[in-house]
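J.: What TrEMBL shows for this protein is this:
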- B:21-42: transmembrane segment (TRANSMEM)
- B:85-108: transmembrane segment (TRANSMEM)
- B:85-294: domain 'ABC transmembrane type-1' (DOMAIN)
- B:120-143: transmembrane segment (TRANSMEM)
- B:166-194: transmembrane segment (TRANSMEM)
- B:215-237: transmembrane segment (TRANSMEM)
- B:275-296: transmembrane segment (TRANSMEM)
- B:324-344: transmembrane segment (TRANSMEM)
- B:388-413: transmembrane segment (TRANSMEM)
- B:389-583: domain 'ABC transmembrane type-1' (DOMAIN)
- B:425-446: transmembrane segment (TRANSMEM)
- B:458-478: transmembrane segment (TRANSMEM)
- B:524-544: transmembrane segment (TRANSMEM)
- B:564-583: transmembrane segment (TRANSMEM)
Amino acid sequence: MSSISIRDVRKTYSKSAAPAVDRLNIEIPKSDFLCLLGPSGCGKTTTLRMIAGLEHPTEGKIVVGDRTVVSVDEGIYVPAEDRDMGLVFQNYALWPHMTVAENVEFGLKLRKVPKPERDRIINDTLEKLAIARYRDRLPSQLSGGQQQRVALARMLALKPDVILLDEPLSNLDAKLRLEMRAELKRIHAEMGATIVFVTHDQWEAMTLATTIAVMSEGELQQLGTPDDIYERPANRFVAEFVGNLPINIVELQDNSTNPLSAWVHGMLADIRLTAPAGSVGIRPEHVRLVPVETSPRPATVIDIVPTGGSWIVELSADGEKFFAITPEPPGVAPGEQVGLSVPHESLHIFDAAGSRIEAVLQQTTGGKS
Amino acid sequence: MQGLGRSLYHLRVRNQDPTTLIGIVLVVLFGYLIAAPIFLLVTDAFVVQFADQGRAGQPMGELTWYYVERVFFSRISMDVFWRPLMHTALISVSAIAIALTVGVPLGWLMSRTDLPAKKWFSTALIVPYMLPSWTFALAWLTLFKNRTTGGSASWMESLGVTPPDWLAYGFLPITLILALHYTPFFILLFGNALRQFDSSLEDAARSIGAKRGTIARKIILPLMLPSLVSASTLIFAKCLGDFGVAYILGVPVGFDVLATSLFRAISTSQTGMSALLALTIVILGSVSIFIDMYLLRQARRFVVIGSKGSMNRTTALRGWRLPAFGFAMSIFLISAFIPLMALLLTTVMKVPGVFALSNFTLDYWIGTDVGTTALKQGILLTPEFWEVTWNTLWIVGSAALGAGFLGLLVGYVVARTEAKSVATFLRQVTFLPYLVPGIAFAAAYLSMFAVPRGPLPALYGTPIILVLAILADQMPFASRAGISGMMQLGRDPEDAARSVGAGFIRRLTSVVVPIQKGALVSGVMLPFISGIKGLSLVVVLAVPGTEVLTTYALRLVDYGYSQASNAVVLMICVIAFGGTMLVQRLTKSNLSDGLGNK
């Protein structure tokens, strides 16, 4: 089991273009399940491929366990085929001319594992992933979910210390995704391997990872546990990217008459900030709907969407869209006026540049508005 | 220290696999085999050659306009250039017109109607294109030649009528044969375009009240135009380089086209003249092909390729089914069946065209005393025939194998290398022979390899020059097959192999080549068939010791042994037809997919 250390890594594809990955530093402890999360083009797949050795960094160093696999300054570069990592591709990349068993066997052959041992490993692995009966089929004769399992089997048969997964669930339907998710968790628990996986799907990241690294435009935005990422987003990008329903953002204008901004300003008056606030984020589940007389902030209900167990209420406050989620039927109808109420402690406060500001609540006034 | 580390790093990254190194080797190889000969052809046309020092009044090797003047403006320019050019233009235009008139209705019948035996016709009507064009020239001679050329009498003569020269030779038969040979271009390209045409466009027009005629004129025709233009320019480019038909049917009556004029210049060792003539053909050919590429690119803007829901509706011919069938059948009879039967029957008849049982014989195939001076026994008993067949198989075979594998390598490098300039150069240089008609390419090869170059001795007269020339000539197809195969494959299967520990050689042999098996088979087989059929390239480069079937057949024609030459030609047809069918079966592809390739 190996830790992975990514140090000051930069990758540019051409001299003129913006770097695909820049100033990247991540320490992944051994047996961690790290997720690289971000929108497409954020550099997450490039990072994964650099760990795998399929791309080479322009600057920086990557150390796996106690082995430096790449270091630009020291002139070290271990090619992908000598890194002994397990890699699973988004489109599975099974070899179309080999049967399921042959796909799994290929890597074992390269490692000169003797034939009886090879057969035992192939059987065990296929058995474990419940695809033993397809062993003599070609990949084209398998469904997407089965192909995915073969790709996993091919990788697991080699018992790698480090497992790299590139959007492994994105081509599966909802039910298979749940199944594979459980499978990945089981593999992680059983093997204790260090897993790095890439996804743009925050649900996948939240449910699988022990650590999430959120990336945007080639740079690391935040590294933390799923709870950290959700509860304490380091900046507006993370706050907006993570969350099933988009977070409500209120831009604060200093001396404006904008009622929404004025309302939030009013709430911030009770809070001591370490820096001037530029905007505030409010998660929909923290928005409470109260009778319009009891709240300084009225809003109009536009639509109510039941999602089974909870209700999404789409609101309009002074022309701005605002979302709330309620665990019970909201008891209002479209067109009606409601009041908004938000607990102070659930405000995410960002400075003008979008970075999180730590707030100290002043106990003197407290309460809710 | 840090700088050293960095250089070491870049060195290691670059050398993690030898793709770029292979790319550079390929660049040198094709620079030598393709770019250099064509470059030499260009220079040969503008510097004084040894034999012309006196007439040009300049020492050898000096820049000169002598050849330009001689070809375009001198007293002989009419004979060597302008008249052949006129003939070539007339023949191409007429051939295109005839092919269009015949091919467009056939294309429509094959793609949009309930023509009986459509599936059978879809192969039968393409047969002329699978066989070498000059096969049909020989068939024509068999049927219509007169005493202007020697050898046994034609069928028409045997029937007591002496065909006049205008029927037997020259413009009329050349045009007709080229037209029928290239009619499949229209059938395939136009037919395919119609097949991809979305009927909902017609429905939309009909729903707003357009009449059938209006729809055909205003909707279908404009969208079909690209395919028609494409077929026309391709036929023009092919006619420009077609040597065999004009040689067999034109030369006996002094009817020259550009290709035969060039051949005469080559065979009389006029290096400078032939270089300039070849260059002219190359330029004309390139211009037409670039026009075609430009128009296709323009057309792609509005071509509506059938969406998933596109239907191609079948028009019921009703009472016209029989006449339509008769039309298609008669085209098949004229363009394939009758010529081939004529060739075949000639080889089993003592006196051509006389249908009496006593007149039939197998002597020309397996007889021992035919009674002629040189070829005393049937062709199958002639050792020379077997030598030539063996020559053909190994020369063309190794060229095709080489082209197929090099094509795959080119594809690999183009798809993988990070050195973009290497990829671009390889892509372009391997396409270059496509612009050069075979006879001009042969002239380029003479310029290059008739004298010792660098470490290589003069290759003219050896089989190696044939292997190299055929290989280079087939590269446009082979490299295109390789490139598209590798592009489709993508990087992932190989990256996956790397991740389980496979090195470069292992990836190539265990992953890339097996996956590309299909592309490789067609990348070898199609050049093989095309090489077996090819005449214009080898006719210049082959010498008596290195003859192949096509040049052998042509020599037999020159000697007047029609039965023997027909027999050889039939053997070529069998190989070409059988090979084409085999490839189609193996790769489940269609000939039309590869149309426009050499």
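Note: Cβ is positioned from N, Cα and C throughout, glycine not excepted.
TrEMBL entries are annotated by machine, without manual review.
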J.: Among B:85-108, B:120-143, B:324-344, B:388-413, B:425-446, point out the range having the most Cβ pairs under 8 angstroms from the transmembrane segment (B:275-296).
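T.: Looking at each of B:85-108, B:120-143, B:324-344, B:388-413, B:425-446 in turn, the most contacts to the transmembrane segment (B:275-296) are made by B:425-446.
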J.: Which stretch, B:85-108, B:120-143, B:215-237, B:425-446, tops the Cβ pairs under 8 Å count with the transmembrane segment (B:524-544)?
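T.: Ranking B:85-108, B:120-143, B:215-237, B:425-446 by Cβ pairs under 8 Å to the transmembrane segment (B:524-544) puts B:425-446 first.
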J.: Determine which residues of the chain contact the transmembrane segment (B:21-42) at the Cβ level, with the cut-off under 8 Å and only residues 6 or more beyond its ends counted.
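T.: Sequence-remote neighbours of the transmembrane segment (B:21-42) are 15, 275, 278-279, 282, 406, 409-410, 412-413, 417, 419, 422-423, 425-426, 429-430, 432-433, 436, 440-441, 443-445, 447-449, 468, 471-472, 475.
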J.: For the transmembrane segment (B:564-583), I need the partner stretch with the highest count of C-beta pairs below 8 angstroms, choosing only from B:166-194, B:215-237, B:324-344, B:388-413, B:425-446.
T.: B:324-344
J.: Using a Cβ-Cβ cut-off of under 8 Å, list the residues of the same chain that are 6+ residues beyond the ends of the transmembrane segment (B:388-413) and lie near it.
T.: 19-20, 22-23, 26, 29, 422-423, 426-427, 430, 463, 466-468, 470-471, 474-475, 477-487, 508, 512-513, 516, 519-520, 523-525, 527-528, 531-532, 546-550, 552, 571
J.: Could you check whether the transmembrane segment (B:215-237) packs against the transmembrane segment (B:166-194) - three or more CB pairs closer than 8 Å, residues at least 6 apart in sequence?
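T.: Since 3 or more Cβ pairs under 8 Å link them, the transmembrane segment (B:215-237) and the transmembrane segment (B:166-194) do come into contact.
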J.: At a threshold of under 8 Å on Cβ distances, which of B:85-108, B:166-194, B:458-478 pairs most often with the transmembrane segment (B:120-143)?
T.: B:166-194
